[in-house]
Amino acid sequence: MSEAGGRGCGSPVPQRARWRLVAATAAFCLVSATSVWTAGAEPMSREEKQKLGNQVLEMFDHAYGNYMEHAYPADELMPLTCRGRVRGQEPSRGDVDDALGKFSLTLIDSLDTLVVLNKTKEFEDAVRKVLRDVNLDNDVVVSVFETNIRVLGGLLGGHSLAIMLKEKGEYMQWYNDELLQMAKQLGYKLLPAFNTTSGLPYPRINLKFGIRKPEARTGTETDTCTACAGTLILEFAALSRFTGATIFEEYARKALDFLWEKRQRSSNLVGVTINIHTGDWVRKDSGVGAGIDSYYEYLLKAYVLLGDDSFLERFNTHYDAIMRYISQPPLLLDVHIHKPMLNARTWMDALLAFFPGLQVLKGDIRPAIETHEMLYQVIKKHNFLPEAFTTDFRVHWAQHPLRPEFAESTYFLYKATGDPYYLEVGKTLIENLNKYARVPCGFAAMKDVRTGSHEDRMDSFFLAEMFKYLYLLFADKEDIIFDIEDYIFTTEAHLLPLWLSTTNQSISKKNTTSEYTELDDSNFDWTCPNTQILFPNDPLYAQSIREPLKNVVDKSCPRGIIRVEESFRSGAKPPLRARDFMATNPEHLEILKKMGVSLIHLKDGRVQLVQHAIQAASSIDAEDGLRFMQEMIELSSQQQKEQQLPPRAVQIVSHPFFGRVVLTAGPAQFGLDLSKHKETRGFVASSKPSNGCSELTNPEAVMGKIALIQRGQCMFAEKARNIQNAGAIGGIVIDDNEGSSSDTAPLFQMAGDGKDTDDIKIPMLFLFSKEGSIILDAIREYEEVEVLLSDKAKDRDPEMENEEQPSSENDSQNQSGEQISSSSQEVDLVDQESSEENSLNSHPESLSLADMDNAASISPSEQTSNPTENHETTNLNGECTDLDNQLQEQSETEEDSNPNVSWGKKVQPIDSILADWNEDIEAFEMMEKDEL
């Protein structure tokens, strides 16, 4: 399911076009297997590689020979009973049988494999059999998706290599595009499926009667999967380029355009199934496995084959979302498209094994190595990759139909790195197939990988893909009779020539008005990767990535619980306590993840904590996670009577600022209430010690001034008491997390220490690192800096008053917490301090992480002149919050002389906002029914 290469110099390419093809596809060349390899595995000798390659040839002969002897012209071989599987003559297997159309499926699917394996005589015989025996006008209902990738793709792959062999002058001299004519006939038979208002095809079609006729027995379906509708462009475009009939590519493009338009705009993810008439998402979970996988694959490969930049832009947008939400290295977990920080399930399916290969094509090697290694560890535990397995690597669905996706990714990782480790992985696959799946009449699928029981099936993709990738893994360039890098692999591993990008380009590229997400794609200036850049002077690079994952499966197994105290004595860090947790601390988030606790930023600006014990790194971590959640509930109970406070302002009033710089500050739940008392004005001075956690050693420096204190090491209230005792008239706590900012993080408020704080009489405010650095820089530049602590900006000079109207008092809305679920426990959470007490304000079962909405700056003129504009704010992860967040009162956070700076994101059209809002409402309603 991934790209083979792309030097663009295939034999069928005219010389005048060759340079254009090279220029168009050079970025997608996979480096040769002579690349730098990691020292973790000994290089495999040419003799051993040749031996393994010959073993693959023998295995193919065993499978293909038994199909031809015992099953042909049936679609597939039943290897346990040594007979063919004919539609209607065997008990129905449901949707699986929709791939069977009484068109000798396995033979067509195997055509180009014969050429790759250098079985040219057998290929010529097979083509003659297809032309003589195969009938495409059968009264049978088939899957549009499966028929496209297996039959249409097989015919086109066979045609591509037939004309290559004919040009070489030895074989196929009689061939006159007969396979192409069959492909065109099949293409026209599939076109009626696109007769929908959306342009998305029906999932099934009758080869003889089409759609919606009484005798068709199909056409009443309303839903299709995203991959089913989005995995057509390669085959349909190739058919158009080969024949000049543009209608096929046009229909496939229209389907892709519709899917792109229907993506969830805030997450840029797509669901699993969609209504083909309305475009509504039916299943709103999203991942890279079954139901979606090849949609992403075909966006990138369509760019390679067709050279249309829009496909690459779409892929990059989706890929950014995948890596942001779905990728949890080394895992790839499905999420909800409207709540992408919330996992939709706790298991993964085997089809995602193709994704590391696609990442190689993208040029993102590190996560490809990580996920591939995780999958390999699962295989070593179960001999094969189960159809689905849980996040702790237990079997969820025990079947294994001899899927080739893992072999595919193994091949492309070897091509990209030249690491002999992947040859050893391939050797393991060969050994397992022969040891556990081989039967006298072929290779049988595994009914249960735990018991080794078989199922009487050998799917056509086993011959189309598995043996192709395994042979290419061990073959040297001279072992293949053509240059494999002149072709692109379809999702069924059929070969389409890259020179099609310069042929019959009459189809105009649709000028879509859709906006693409601006992405920092600097990490992928090359695609595929140059190992000399990726592994500079470090032959152990790939091994260093794999090493931590070597025992990932075994470590997930249940084991006796070690006493926590003993683990502390052995040098392990104590578990994260709820009172120390800070939502903006990456280290804390990593600890939560290890404990199986997910921090989810919801669209309404709230934060949700969810614990899944099975996702914890170990049983001890799961226990720590449960303790953490219980502590959160206790903190909520302790702080329930505390009030939520609006943001405050720190205004620099000394020369040369004169009130022009106003910084958004977080309030304290103790000390002088600036909304009820006069503002505090004074010069600032740094405290010693900088964290203010002990008696100050420089009381003379802070006497009568506003003390600057570093966050951390003790409670906020303790800091306040220490600077108050030193004579300070106020305090500003500056965040110790470098880079934190009020325009990218929610408002933070400082809580007390659970004791009586009436003794604290001075005002205390909190500044994030970015805002705090402005004051520190001003001190370095001007030495004496005077600030005003207030509930809102005041005393601006006349020039500033002319530029900007006085800001209205900020209200703090929607600062109630979010539910946190741990087993049957639910609590509401608010922003908490690292190493200080949490701000907890709500009912007894609620806990606030103070105002999870950002303090954005919108000038009064903007608020009045554009009442319908959506000024999006940003949560901790940079994720856009939803429309209801925008209704929150926004505080001014100016840091320059322009008073009208808005920290909001770019404006969306109101129709788009309302459409996404309606989708979110539907998703929230549906979420109540989800099993999480």
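Even glycines carry a Cβ here, placed using N, Cα and C.
Of the given residue ranges 389-392, 653-656, 929-932, Swiss-Prot assigns the label motif 'Prevents secretion from ER' to 929-932. For the domain 'PA' (674-779), DSSP puts the residue distribution at 25 helix, 23 strand, 58 coil.
Using Cα positions, the member of the recorded positions E146, N195, D293, E387, E405 nearest to N118 (N-linked glycosylation site) is identified as E405. Per-residue pLDDT, averaged over the domain 'PA' (674-779), rounds to 89. In the shown protein chains, 26 other C-beta atoms lie within 10 A of the C-beta of D293 (active site). Under a cutoff of 8 A between CB atoms, and with a sequence separation of 6+ in the same chain, the neighbours of E387 (active site, proton donor) are D349, A350, H396, W397, A398, Q399, H400, P401. Neighbour density around each Cβ, counted as other Cβ atoms within 10 Å, peaks among the glycosylation sites N118, N195 at N118.
In this structure, the active-site residues E146, E405 were compared by how many other Cβ atoms lie within 10 Å of their Cβ, and the smallest count belongs to E146. Proximity to N195 (N-linked glycosylation site), defined by a C-alpha to C-alpha distance within 10 angstroms, is shown by none of the active-site residues E146, D293, E405.
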